[in-house]
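Asker: For reference, the structure I am asking about is given below.
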Amino acid sequence: MLTRIGSLHAVPVYGVEALRQIETAAAQRLPAHTLMQRAGAAVARLAQARFPHARRIVVLAGAGNNGGDGLVAAIALQRAGRDVRVFACGGETLGEWACRLPPDAAWAWTEALAEQLPCSVANPDDLPDADLYLDALLGIGLRGAVRDQTARLIQKLNARTDAAVLSVDLPSGLDADTGIAHQACVRATATLSLIGLKPGLCTGPASHLCGELWLDDLDIHSGAERALPAPDATRLGADLIRPLLPDLALAAHKGKRGDVRVIGGAAGMTGAALLAGRAAALLGAGKVFVCLLDTRAPAVDMQAPELMLRPADALLEAIGDKTCLLVGPGAGLDEASRACLARALASTAPLVLDADALNLLAANDHASTLQAALRQRRAITVLTPHPLEAARLLESTVQAVEMDRLRAARDLAARFACWVVLKGRGTVIASPEQNVWINATGNGLLATAGSGDVLAGSVAALIAATGQASAVLAAVWLHGQAAERYAAKLGPSGMTAAHLPKWMALSWADLMAAHSAPAQA
Ligand SMILES: NC(=O)C1=CN([C@@H]2O[C@H](COP(=O)(O)OP(=O)(O)OC[C@H]3O[C@@H](n4cnc5c(N)ncnc54)[C@H](OP(=O)(O)O)[C@@H]3O)[C@@H](O)[C@H]2O)[C@@H](O)CC1
Ligand SMILES: Nc1ncnc2c1ncn2[C@@H]1O[C@H](COP(=O)(O)OP(=O)(O)O)[C@@H](O)[C@H]1O
Ligand SMILES: [K+]
């Protein structure tokens, strides 16, 4: 079934290894070339539905099965009356290219010959005009940096900003598992992912190059193909988030909603803790206590007088069982901050660690003691690092973290036996049991100081209200959804972190009201 991937429905995500298993199992059970027939037909169907006015269609076909999908689509589109030309990439001559084709693609090539499909070798310096380019150069078989002829063709294609590009399976040059671009990568208008969604289409530095995202599972869920390997991750959707949110209207009194206690806000950074506290209050916490570590900090937040500003001792003692602690926003790295972190780690309350709490865990002289205390915790514990904080905790580099965000999140969750929210576009959430989710909501409006503090406060509020670590998924989803809602309503600027919680609350209301079905072509 052909489905538009949006924010409504959660979707399983499969890495290349799992996809290969599915392919192999299907090849054993189905008549020859069935999956490629289905893949090519799906591409042609989407091309016609999504680009109905595209008359001239150029198909760029690599020498693998991704190219084979392109050939099958080309045949269908020519039969549908489109002006189709195929350009082969991956050989000096057409004969050389054809000799390299694997069996399924070689079958597609014989079909294309029988159909008298116009086909020639691609010349990167002479890419003809078209209304639509089908990018069937490279799929999940990409190995290493894109080689010269293909890379030059991709560069020429990307320079055609006036034409639409539909990528088959994934934008050529994109690593399906990690979302990194290998030297050159197609910038697609739309991508039709085949069989399953890949991690690299959901997170990673180049994942946004896929454009609008579509999926066709090629009916592998029916019949004998039902026994699929477990997905590597789940892309979050509203249907998964909705049941994770508490019903605040049912709270009998403020004690039932859960309390949040925030510790942070050292000199020069008091705003971070206040932003987290305000977010917790707006996301429904019954009571929010904030300890500002700056000794000269004000005693009240005049813009949010509902926050109760107290000293650290008051927040770290007599912690009720419906209370979530949050340590770190603007906390600084000094002894007072470290002492609070140590006491919070020793508590039995649910705990969210952000910003400087993560930096203390990674860098302080006492890091090994703090880390041991972290690993020993039995209560819910969530780390919310951005890539630099994750790199420090993993004793790695930002580049290495960004090269494989799923692995980095999983490694952190395993190393510290807790939940991890690896932030950035396509936030990755990993549980101690090594389950992984990828968030697809959000935009560059969130790239503003303090938006991480708001997220941390929201995570704490939802954990306090539900008592469930999985509420973290809801906080991340709402945080991104808020930025999208703002952008749709008011445009690409003007939002600061302080605005975010209100928009999160509105997104929450939208979510409760929504009852939509997936788009189908
Ligand atoms: N089989 C099936 O049942 C189904 C398969 N399906 C489809 O097949 C796709 C996977 O096909 P695949 O495994 O043939 O790999 P593919 O992505 O075409 O790449 C291999 C080609 O790329 C080349 N190449 C590699 N690296 C390169 C580089 N760095 N720079 C330049 N070139 C490079 C490599 O050349 P070689 O290294 O072998 O010389 C070879 O020519 C999958 O994404 C989906 O679209 C669907 O139809 C579902 C059913
Ligand atoms: N382009 C983007 N798309 C989606 N989310 C983003 C984007 N840029 C930033 N974010 C989100 O914004 C937040 C920024 O957090 P962080 O880096 O800790 O900021 P700060 O420390 O200033 O509060 C994270 O939740 C991150 O995932
Ligand atoms: K492709």
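Cβ atoms are placed via backbone N, Cα and C, with glycine included.
So TrEMBL has the following annotated:
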- 19-226: domain 'YjeF N-terminal' (DOMAIN)
- 65-69, 139-145, ASP169, ALA272, GLY330, HIS386, ASP453: (6S)-NADPHX binding site (BINDING)
- ASN66, ASP135, SER172: K(+) binding site (BINDING)
- 237-511: domain 'YjeF C-terminal' (DOMAIN)
- LYS423, GLY424, ARG425, GLY426, THR427, GLY452: AMP binding site (BINDING)
Asker: Taking ligand 2 as the reference, state which of the binding-site residues ASN65, HIS386, GLY452 have a Cβ closer than 6 Å to one of its atoms.
Answerer: HIS386, GLY452
Asker: So what pLDDT does the domain 'YjeF C-terminal' (237-511) average out to?
Answerer: 96
Asker: With every protein chain in view, how many other Cβ atoms are within 10 Å of the Cβ of HIS386 ((6S)-NADPHX binding site)?
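Answerer: Excluding its own Cβ, HIS386 ((6S)-NADPHX binding site) sees 18 Cβ atoms within 10 Å.
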Asker: Can you list which of these binding-site residues (ASN65, ASN66, ILE140, ARG143, HIS386, GLY452) have a Cβ closer than 6 Å to ligand 1?
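Answerer: The binding-site residues passing the 6 Å Cβ test are ASN65, ASN66, ILE140, ARG143.
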Asker: Pull out the binding-site residues from the set ASN66, ASP135, LYS423, THR427 whose C-alpha sits within 10 Å of the C-alpha of ASP169 ((6S)-NADPHX binding site).
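Answerer: Taking ASN66, ASP135, LYS423, THR427 one by one, the ones whose Cα falls within 10 Å of ASP169 ((6S)-NADPHX binding site) are ASN66, ASP135.
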Asker: Hey, of SER172, LYS423, GLY424, THR427, which of those binding-site residues are within 10 Å of HIS386 ((6S)-NADPHX binding site), Cα to Cα?
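Answerer: Near HIS386 ((6S)-NADPHX binding site), where near means Cα within 10 Å, the binding-site residues are LYS423, GLY424, THR427.
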Asker: Beyond the listed site residues ASN66, ASP135, SER172, identify every same-chain residue whose Cβ lies within 8 Å of the center of their Cβ atoms for the K(+) site.
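Answerer: The answer, listed by sequence position, is LEU60, GLY62, GLY67, GLY70, ALA136, LEU137, LEU138, GLY139, SER167, VAL168, ASP169, LEU170, PRO171, GLY173, VAL186.
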Asker: Run through ASN66, SER172, GLY452 for me and report the binding-site residues whose CA is within 10 Å of the CA of ILE140 ((6S)-NADPHX binding site), in sequence order.
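Answerer: The binding-site residues close to ILE140 ((6S)-NADPHX binding site) (Cα within 10 Å), listed in sequence order, are ASN66, SER172.
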Asker: Would you give the longest CA-CA distance, in whole angstrom, between residues of LYS423, GLY424, ARG425, GLY426, THR427, GLY452, the set recorded as binding AMP?
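Answerer: Between the outermost Cα atoms of LYS423, GLY424, ARG425, GLY426, THR427, GLY452, the distance is 14 Å.
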Asker: Measure the Cβ-based neighbour count of ARG143 ((6S)-NADPHX binding site), defined as the other Cβ atoms within 10 Å of its Cβ.
Answerer: 9
Asker: Given the AMP site residues LYS423, GLY424, ARG425, GLY426, THR427, GLY452, which other residues of that chain have a Cβ within 8 Å of the mean position of their Cβ atoms, reported in sequence order?
Answerer: HIS386, PRO387, LEU422, VAL428, ASN439, GLY442, LEU446
